[in-house]
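Noted in Swiss-Prot for the protein shown:
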- Asp33: active site (ACT_SITE)
- Asn81: active site, proton acceptor (ACT_SITE)
- Asp33, Glu220: Mg(2+) binding site (BINDING)
- 34-38, Arg46, His50, 78-80, Trp82, Arg84, Arg201, 207-209: substrate binding site (BINDING)
Amino acid sequence: MFKKLKNKNKTETNHNNDLDIHNIPEHVAIIMDGNGRWAKKRKMPRIKGHYEGMQTIKKITREASDIGIKYLTLYAFSTENWSRPESEVNYIMNLPVNFLKTFLPELIEKNVKIETIGFYEGLPQSTIDAIDFAKAKTQHNTGLTLVFAINYGGRAEIIQSMKAIYNELQLNGQGSEVIDEALIKRHLMTHSYPDPDLLIRTSGEQRISNFLIWQASYSEFIFNEKLWPDFDEKELRECLKIYQSRQRRFGGLSEE
């Protein structure tokens, strides 16, 4: 549990924005919501909102890296998003190709590591190839780990992990008594990352939409009113300040 600093005058700051460097969340997850509404408000096609949302990803990735966040997980496309119009889905599927083509050199320079969670089944081969290329090029980087949740759903992830655990127990002749949280975590797509300390959702909606439903059990939640294309570095820092003003209890009692 993070402790509040008793002497604010001695609090060290980060990035010249009054952030306590001893209380930077290790893992920030973001539900990037509001691209369509952003475009609609401007009487533009929805794909324009997705394009501008991609530009926001670049800004937030740079800022997260500069601040010292270790893991940034972005909800890019859910298992439920396939129900959207085909033209919109096709455009979204091509975004990783364009994003990585233009941004990968900078990510490499900033020592950012690219990873993904989700299911490859159903993704276009061009999308898979772009993702795999970026992963290979950044696999040894040691700075920010940028995780894209693509064709991801929390329930589907848990179902997959349960099947894998069942098969493992069958193979080893073990019973259900060996199942614990650690075993489940080892079979989740996020097994190599810490659970998110902070989960942000933009657009003002207050739900998690099947995102990291196991991992976010003790996350701090912030629901930001900005639509994703309007979410910027200042908004991210404000969210971090709110996070730092809270005391995480993990089911325990406040120290006050």
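Just so you know, the numbers here start at 1 and follow the chain as drawn.
Cβ coordinates are placed from backbone N, Cα and C, and glycine is handled just like the others.
Sequence-distant neighbours of His50 (substrate binding site): residues of the same chain at least 6 apart with a C-beta under 8 Å from its C-beta are Asn35, Glu88, Tyr91, Ile92, Leu95.
The Cβ of Glu220 (Mg(2+) binding site) lies under 8 Å from the Cβ of Pro25, Asp197, Leu198, Leu199, Tyr243, Arg246, Arg248, each on the same chain and at least six residues away in sequence.
If you count neighbouring Cβ atoms within 10 Å for each of the binding-site residues Gly34, Gly36, the highest count belongs to Gly34. Look at Ile208 (substrate binding site): DSSP puts it in coil. Cβ neighbour counts within 10 Å, taken over all protein chains shown, single out Trp38 as the most crowded of the binding-site residues Trp38, Trp82.
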